[in-house]
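What follows is a short report on a single structure.
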Amino acid sequence: MTDLHRDKILILDFGAQYTQLIARRVRELGVYCEIWAWDHDPSEIAAFGARGIILSGGPESTTVDGAPRAPQEAFDSGLPLLGICYGMQTMAKQLGGETESADAREYGHAEVTLVAPDTLFGDLNDHGSRPPRLDVWMSHGDHVAKAPPGFTVTATTARVPVAAFANEGKRWYGVQFHPEVTHTQSGQALLRRFVVEVCGCETLWTAEHIIEDQVARVRDTVGSDEVILGLSGGVDSSVVAALLHRAIGDQLTCVFVDTGLLRWQEGDQVMATFADASDAHGLGIRVIRVDARERYFGALAGVTDPEAKRKIIGNLFVEIFDEQAGKLANAKWLAQGTIYPDVIESAGSKTGKAHVIKSHHNVGGLPEHMKLGLVEPLRELFKDEVRRIGVALGLPHEMVHRHPFPGPGLGVRILGEVKAEYADILARADAVFIEELRKAGLYDKTSQAFAVFLPVKSVGVVGDARAYEWVIALRAVETVDFMTAHWAHLPYDFLGRVSNRIINEVRGVSRVVYDVSGKPPATIEWE
Ligand code: XMP
């Protein structure tokens, strides 16, 4: 079997927003990489066995005492190095060059001129010019004023005297600009030159190899034991289900809890996709479907505080899952859809200097007393890789490319008290919105779109009579990281069509409004 971790890159993170992007680009090239905080135990570097090290950008200034430094072990390793932005600046500083702060930050497009050929740039040339020039993207305050001894300045710009440098003998390189962002035209080609030409990595990291590797590892880990998985219908748990099924077949049992707070007909869809083996589309996985709707609505009756609702929904899930797991006497393992960004986030930098972007977690975790071993086959993967292997495992494209759906589901999209009647209205209205988005080719252009139930009655005319009925709000946003978001500028005629359909088809709704608030200050969800 291919050892797909054989050729790998280590990325030392100085806290840049773009570090995960560097890792994703390296993975897209077909090479495994890991992100470690810059102050990760340096004695582990040699044992890790990378073929090269990338030093990321970061928010600090090398001109300040006590700023983060690359570990000496990185230089002593004899491995190729690529410093990006801050990573380049700290190389300069640590190796005897000079850095300085500029009066103003440089942010955005720049053109670099390649002034001395090296292996990193090779024959890259965005303009076919002499000397070669590249269109790049810059984001920095400081820059390198003087390259260290043994280094050649390989690129300059009008503003930055040392836009790139190289020590070909040692295979150490630095670039002031960001090759990982798509605005740098030849950025991916440049990363390929480092990873493949300079470090000599073979491109083994493909969806097929990842599946093959994980299947083998899961079999190795669990042997003939049984495994349980909470299947939510979301991307991560769905891919875990398909992957484990491929690895261990009927040793896997999934528990699907129908909370009554899911998308329209989601329970049936989950069963059709995963459990049903009677047609070509079903995977034939053992899925226990728990109808817990009444329990959820009972527990939520009279509760209006959003955080209290979240707690109740999360705790009840744990309780129900626990009951089901208790019935599977032979289950020794619990599978979870933890993905790499969760792992990076919980590792973080020991000094807390790296920017930790908080993510939401659905439930607090399962009780200790369950004493199950953990199987987390997506721990090494970014979301886009999870999607790719999902498709390769035969999951429907639509399911794998779904918008995110919060753990508490419709529970936080029904403002105030949650009732079965409201959940039904909301799920129907939401289904109309999503169906129309897909029909109009707008679904993939928005990052998240959904309907919200507003517990206010507004007047409408039904036939000749006035009727007071509920209000549905539509929310659609465009975002990269879900930390900030713009409201999606959906066409008026499209919104009109959705509104008409909801009012005509969903009983109990007399008015539809569109949310035009950005985040910040408004959050994406309404609660
Ligand atoms: P906000 O509303 O904070 O949402 O702007 C950002 C992203 O997080 C999702 N979200 C949640 N996900 N449990 C979850 O699993 C939650 O309690 C929760 N609250 C918000 C939201 O859907 C969006 O994608």
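First residue shown is number 1, and so on along the chain.
Cβ coordinates come from backbone N, Cα and C, glycine included.
Lifted from TrEMBL, the feature list:
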ACT_SITE  CYS85  active site, nucleophile
ACT_SITE  HIS178  active site
ACT_SITE  GLU180  active site
DOMAIN    205-402  domain 'GMPS ATP-PPase'
BINDING   SER232, GLY233, GLY234, VAL235, ASP236, SER237, SER238  ATP binding site
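Residue density at GLY233 (ATP binding site): 21 other Cβ atoms are found within 10 A of its Cβ, drawing on all protein chains shown.
For VAL235 (ATP binding site), the nearest neighbour among the listed active-site residues (CYS85, HIS178, GLU180), judged by C-alpha distance, is GLU180. For the recorded positions shown (GLU180, ASP236), fewest C-beta neighbours within 10 angstroms: ASP236. If you count neighbouring Cβ atoms within 10 Å for each of the binding-site residues SER237, SER238, the highest count belongs to SER238. Most buried of the recorded positions CYS85, VAL235, judged by other Cβ atoms within 10 Å, is CYS85.
Across the structure, SER238 (ATP binding site) and GLU180 (active site) place their CA atoms 30 angstrom apart.
In the three-state DSSP reading, ASP236 (ATP binding site) counts as helix. Mean predicted confidence for the domain 'GMPS ATP-PPase' (205-402): the pLDDT average there is 88. The active-site residues recorded for this entry are CYS85, HIS178, GLU180, and the Cα of GLU180 lies nearest to that of SER232 (ATP binding site). The ATP site, placed at the center of the C-beta atoms of SER232, GLY233, GLY234, VAL235, ASP236, SER237, SER238, has further neighbours from the same chain whose C-beta lies within 8 angstroms: LEU231, VAL239, VAL240, GLY337.
In this structure the alpha carbons, written CA, of ASP236 (ATP binding site) and HIS178 (active site) are 30 Å apart. On the backbone, the CA of SER237 (ATP binding site) and the CA of GLU180 (active site) stand 29 Å apart. Using a 10 Å Cα-Cα cut-off around the residue listed as 'active site, nucleophile', the recorded positions GLU180, GLY233, GLY234 reduce to an empty set. Sequence-distant neighbours of GLY234 (ATP binding site) (same chain, 6+ apart, CB under 8 A from its CB) are GLY337, ARG402, PRO404, PHE405.
The two recorded residues, HIS178 (active site) and GLY233 (ATP binding site), have Cα atoms 37 Å apart.
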